[in-house]
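Q: To start, I am sharing the structure in question, which I have written as structure tokens.
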Amino acid sequence: MTLRFPRFSQGLAQDPTTRRIWFGIATAHDFESHDDITEERLYQNIFASHFGQLAIIFLWTSGNLFHVAWQGNFESWIQDPLHVRPIAHAIWDPHFGQPAVEAFTRGGAIGPVNIAYSGVYQWWYTIGLRTNGDLYTGALFLLLLSAISLIASWLHLQPKWKPSVSWFKNAESRLNHHLSGLFGVSSLAWTGHLVHVAIPGSRGEYVRWNNFLEVLPYPQGLGPLFMGQWNLYAQNPDSSNHLFGTSQGAGTAILTLLGGFHPQTQSLWLTDIAHHHLAIAFLFLVAGHMYRTNFGIGHSIKDLLEAHIPPGGRLGRGHKGLYDTINNSLHFQLGLALASLGVITSLVAQHMYSLPAYAFIAQDFTTQAALYTHHQYIAGFIMTGAFAHGAIFFIRDYNPEQNEDNVLARMLDHKEAITSHLSWASLFLGFHTLGLYVHNDVMLAFGTPEKQILIEPIFAQWIQSAHGKTSYGFDVLLSSTNSPAFNAGRSIWLPGWLNAINENSNSLFLTIGPGDFLVHHAIALGLHTTTLILVKGALDARGSKLMPDKKDFGYSFPCDGPGRGGTCDISAWDAFYLAVFWMLNTIGWVTFYWHWKHITLWQGNVSQFNESSTYLMGWLRDYLWLNSSQLINGYNPFGMNSLSVWAWMFLFGHLVWATGFMFLISWRGYWQELIETLAWAHERTPLANLIRWKDKPVALSIVQARLVGLVHFSVGYIFTYAAFLIASTSGKFG
């Protein structure tokens, strides 16, 4: 018999229907379920695939550098970052007529180009790159790293180089290596790059390999380090009239604590950033020496966890048994990693706009909007994935005997209390927030806007005041000149910080009012509901009231209606599926809020947001409808313009999104009948009946159809909003 796809499952390979193809694709990466898999091969396959992942990342970033160097305008952008539009790459399209060629020829290019809204120009400029030659060098270096990663991937699948299971389960060594070796050393290396290359570059000094050893990053070199006079490195910082990239107004300090932003670039001081990375490096280098390995010093994580027993005996056995549970479950480890990474990605979104690290990126409004939205969506998908793998852990890896009465077992014992509290919080937030919005809508509709219920977010304003924002008049902590906190930081970072937080042109601690209060609670509703669905799905994954133990049922059985006893309540896969809709919904509200608030800030009409955001019609009319005018005008009676591609994508995104419903609201029997009718017609049509297929066509399973629907819904939703965001922002600000 010839070997058919999928090779990893003989059972599936012999399936006579098209199910073989779909199930093969669905389980291709589920190594645990493959024929002849052993624990050792499982770990080795995943380890090797990590190097493949790195190779793809390096290749992709190399491509970014290469295309900007080849087709971009990096060198002319550097001369005037605020007015030259950065080019991502050229467009080669044989369908372009003269109007299209003219519309897309911009940024000083000779032909049609795409504008870069990714912030790479600002990033590369900040870290000291200055010429196309630098970009080509970077591209080649990353290409080399990509090749090395691929070789490493292949090498670690060869018999001599395959690591053993015990090597993979040596948690202490891995933690030490990752903390010290990856985070610590790389942060130290990055500090070195900033001090030796980026900071001199920002002061007009071009440091490369040929003069790297001759140019002192600091006049006295390492003298102050060895003499213990570290404060010298902070003396004589760049002045407030420093022109970035030149020696005008430049200082000599390399590690500072100035606080606030560089007045010209509106980004954090490079010397502050270098100082931050040095501190991070120190912390992680220390942290990476905490755990006991071959040398017999440091802590054993197992001993630490076993000792974590709550006193008094009423809270169970604490962390007993957790070490082996986590160390033997890849899904548990992946869940923890995804949860951490998801939070970090969302924090990146928040901090990239409020504390911009890259020169001039704060004045590139479209890039700011694109980066915020991008990182929030990525965070949403990663965080839902954390709970999916948490659920799979309970089904495949959880052993009740090993975890008796510890925190995991007790969490399962209390799951009704956990889910009911989350449910109550979600209902409370939902009804109250919607009630306020709808009340305000009705008042506006009846012409009595003064009867709206408008609530000032006084607690949030108090927190902002504590951080130094003076406009609310709270006079507390950093906003009070008499407080000890104020006096403690007055001589170092505080003046710069206070200047930044009270400056109305940046995004640091934006002024908030009743509209913010409402949308904050709408977002809280979305977050709590998403969390409720995900937490319930994970906690009920192994067993719930209807089905006490689902271990043999697996993860992805469908919610199948009342016909089979009602499995809607108890499918972990279905909880994940539902949660993704809520996640997208929530991030929609988050990005709408961020974007509208910033558009009004950038245009200087914040009163529009303040007045229109307190009722739903305001959001629909003054944010969505008003800002979609650019998309509707991509093609108009005067021809086309550079927004037409976004207008097209806006329509296309809606189409993909709507197609999702064809799969989501459907009955499987209908599809099966339709397929068989089509197959019957095909077989009875001359010429067409010459083509036969080996697999009998069958309708998608319930879970598959849901997945296909969810993918269309998600992709369409994101495409639609991406087009709206970029067109409405770039149409206003260029």
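Positions of Cβ are set from backbone N, Cα and C atoms, glycine also.
Features from Swiss-Prot:
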type	residues	note
TRANSMEM	46-69	transmembrane segment
TRANSMEM	135-158	transmembrane segment
TRANSMEM	175-199	transmembrane segment
TRANSMEM	273-291	transmembrane segment
TRANSMEM	330-353	transmembrane segment
TRANSMEM	369-395	transmembrane segment
TRANSMEM	417-439	transmembrane segment
TRANSMEM	517-535	transmembrane segment
BINDING	Cys559, Cys568	[4Fe-4S] cluster binding site
TRANSMEM	575-596	transmembrane segment
TRANSMEM	643-665	transmembrane segment
BINDING	His654	chlorophyll a B1 binding site
BINDING	Met662, Tyr670	chlorophyll a B3 binding site
BINDING	Trp671	phylloquinone binding site
TRANSMEM	707-727	transmembrane segment
Q: If you measure from the Cα of Met662 (chlorophyll a B3 binding site), which of the binding-site residues Cys559, His654, Trp671 is the nearest?
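A: Minimum Cα distance from Met662 (chlorophyll a B3 binding site) across Cys559, His654, Trp671 lands on Trp671.
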Q: For the transmembrane segment (369-395) and the transmembrane segment (417-439), decide whether they are in contact, meaning at least 3 CB pairs lie under 8 A, counting pairs 6 or more apart in sequence.
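A: By the criterion, they do not touch.
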Q: Counting only residues 6 or more past its boundaries, what in the same chain has a CB within less than 8 Å of a CB in the transmembrane segment (575-596)?
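A: Those are 353, 369, 372-373, 376-377, 380-381, 383-384, 387-388, 391, 516, 519, 522-523, 526-527, 529-530, 533-534, 536-538, 540, 609, 613, 619, 623-624, 627, 706-707, 710, 713-714, 717-718, 721, 725, 728-729, in sequence order.
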Q: For the residue listed as 'phylloquinone binding site' and Cys559 ([4Fe-4S] cluster binding site), what Cα-Cα distance in Å is obtained after rounding to a whole number?
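A: The residue listed as 'phylloquinone binding site' and Cys559 ([4Fe-4S] cluster binding site) have their Cα atoms 18 Å apart.
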Q: Within 10 angstroms of the C-beta of Tyr670 (chlorophyll a B3 binding site), what count of other C-beta atoms is obtained when all protein chains are considered?
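A: That number is 10.
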Q: Write down the Cα-Cα distance for His654 (chlorophyll a B1 binding site) and Cys559 ([4Fe-4S] cluster binding site), rounded and given in Å.
A: 27
Q: Grab the same-chain neighbours of the transmembrane segment (330-353) for me: Cβ-Cβ under 8 Å, and only residues 6 or more beyond its ends, written as numbers and ranges.
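A: Tertiary neighbours of the transmembrane segment (330-353) are 42-43, 46, 361-362, 368, 371-376, 378-380, 382-383, 385-387, 389-390, 392-393, 396-397, 507, 594, 598.
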Q: Within 10 Å of each Cβ, count the other Cβ atoms, then let me know which of the binding-site residues Cys559, Met662 comes out lowest.
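A: Result for the binding-site residues Cys559, Met662: minimum number of other Cβ atoms within 10 Å at Met662.
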Q: What are the sequence-distant neighbours of His654 (chlorophyll a B1 binding site), meaning same chain, six or more residues apart, C-beta distance under 8 angstroms?
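A: Residues satisfying the criterion: Gly716, Thr720.
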Q: Would you identify the secondary structure of Cys559 ([4Fe-4S] cluster binding site) according to DSSP, in three states?
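A: Assignment for Cys559 ([4Fe-4S] cluster binding site) reads coil.
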